């Protein structure tokens, strides 16, 4: 058993030592002729504006009949004087 462990250690040491190269030797760099890569040409795309309408207070709470009251409470919490739900079920706050 000792012989097997010793042989395994020797094989491991040799396997680790084999890939070592001389650090002082000049490095050979083989570069392929480079073509201009088309994928690196990036185009600037215009930023699209994202418009998000708040529909929770008017759309989901309309089934319970509290849509206008919930919209008014929502607007009061935002510091406005009140609000109402329009025909598109979007909460519109007063100034």
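Cβ atoms are placed via backbone N, Cα and C, with glycine included.
It should be emphasised that the depicted structure is a prediction, and the values quoted were computed from it without experimental measurement.
If you look at the signal peptide (1-17), there are no same-chain residues 6 or more away from its ends with a CB under 8 A from one of its CBs. Per Swiss-Prot, the feature signal peptide maps to 1-17.
The disulfide bond annotation in Swiss-Prot covers 58-85 (among others) and is backed by sequence analysis. Within the same chain, residues at least six positions away from residue 58 (disulfide bond) with a Cβ under 8 Å of its Cβ are 67, 68, 70, 71, 85, 86, 89, 90, 91.
The annotation disulfide bond is assigned in Swiss-Prot to 71-91 (among others) on the grounds of sequence analysis.
Annotation comment: Swiss-Prot describes 75-93 (among others) as disulfide bond. In three-state terms derived from DSSP, residue 75 (disulfide bond) belongs to a helical segment.
Cβ environment of residue 93 (disulfide bond): 71, 74, 75, 78, 80, 82, 83 lie under 8 Å away, each six or more residues apart in the same chain.
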